[in-house]
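Okay, handing you the structure first.
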Amino acid sequence: MSIDRRHFLKGLAAGAASLGAGSIAGPVAARPAKALAPGAVGILYDATQCIGCKACEVACKAHNDLPPVENPALDQVYGVRGAWDGGDDLDSRTMNKIKAYPGLKTVEASRADAVLAESAAASDELSFVKRACMHCVDPNCVSACPVSAMTKDPQTGIVQYNPDACIGCRYCQIACPFNIPKFEYEKTFPQIVKCQLCTDRIAEGGIPACCEACPTGASLFGRVEDLRAEGHRRLAAEPGSRLEYPIHALDSADTKVGTVADYRPHIYGETETGGTQYMLMADVPFEKLGLPTLDNESSARLSETIQHTLYGGMVAPTLLLGGLVYAAYRNTRDERERADDGLGEGAGIDAPVTTNPKSASETKEGSRS
């Protein structure tokens, strides 16, 4: 049975239409936003309390068995061979990174009183920010992962990674608005690397290693709803006044009394991209600390709907498979036609030599005469 291109494409279109008849009934609408998990836990990072000691970085690497990142610049400056640091940013060997930004507090201190200006000067005009997984309430990485290697715990809300399910497509990297997941390009069998909020420690009643190591309370562990309340308590305090700050965790007995900074009137992560379980406070603009300005709704609401609509009824896979089948059919047909015309591979090589019997006999008789 022969089939031409026209009839093949018509049949393919009819089959795809029948498969997808019930999957695309109208305009694609975003699904409802996902709610905060009932037992959601997270971290509140207060940049005004951070001193840049990087104890959290060391604790994170030690707990997750991550190698150090050698820094040749330190070798050249200090003459110490084998000097290492936590890296310039998050990478396949760094899940948690403290970054320093100079010169920001000089400008912002002019808005505050003399006490805050003196505090800014004492900190060498450095502003710090802690980079780690944001553990979004409605995470794009979980939505984008085609094999459920990225999942969100239904109770704690922690975004977890399963290397056994991962196929290395790196869709999570592309989908994350914070550029958090990192890929182990340097390994033969690579995995995705990101903070998982020390789920093993939490399961045993502990707290994340970074929060336990932080000496100032800049990284504070607790339930997300309680952390939000703590953040608003600090925002409501008068700049320059004295306030008691918990250390390590909200329910910790360790506390300190410090000067209230002139906070930006917002908790970063409370609303961004549908909310995050790792939130930040600062006395300088968040965008100057490298944090993106995002909508209050997760883009996963729409992208997930589009993705599932395309694959609903197997419309897209059917079209793709049909295209591949047709391409294979066309190529084999062309090969057969070339072979029939004597233009196939090897045509004209070692062709048999034929002679005209009549010419041969005439030649023989001529030689006798």
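Placed from the backbone N, Cα and C atoms, the Cβ positions cover glycine too.
Per TrEMBL, the feature domain '4Fe-4S ferredoxin-type' maps to 41-71, 124-155, 157-186. What TrEMBL lists as region 'Disordered' is 336-369. Marked as transmembrane segment by TrEMBL: 310-329.
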Cβ under 8 Å, sequence separation of at least 6 from the ends of the domain '4Fe-4S ferredoxin-type' (41-71): give me the contacting residues as numbers and ranges.
82-87, 91, 93-98, 100, 123, 126-130, 132, 135, 156-158, 195, 197-198, 201-202, 208-224, 227, 230-231, 234, 245, 258, 261, 263, 267, 276-284, 289
With Cβ-Cβ distances below 8 Å as the criterion, list the same-chain residues six or more beyond the ends of the domain '4Fe-4S ferredoxin-type' (124-155) that contact it, or say none.
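Answer is 33-40, 42-43, 45, 47, 50-52, 56, 89-90, 95-106, 161-163, 165-167, 169, 171-172, 174-178, 180-181, 192, 194-197, 199, 210, 218-219, 269, 273-278, 280, 282-284, 288-291, 298-301, 303-304, 307.
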Over the domain '4Fe-4S ferredoxin-type' (157-186), what is the model's average pLDDT?
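The answer is 97, the mean pLDDT of the model over that range.
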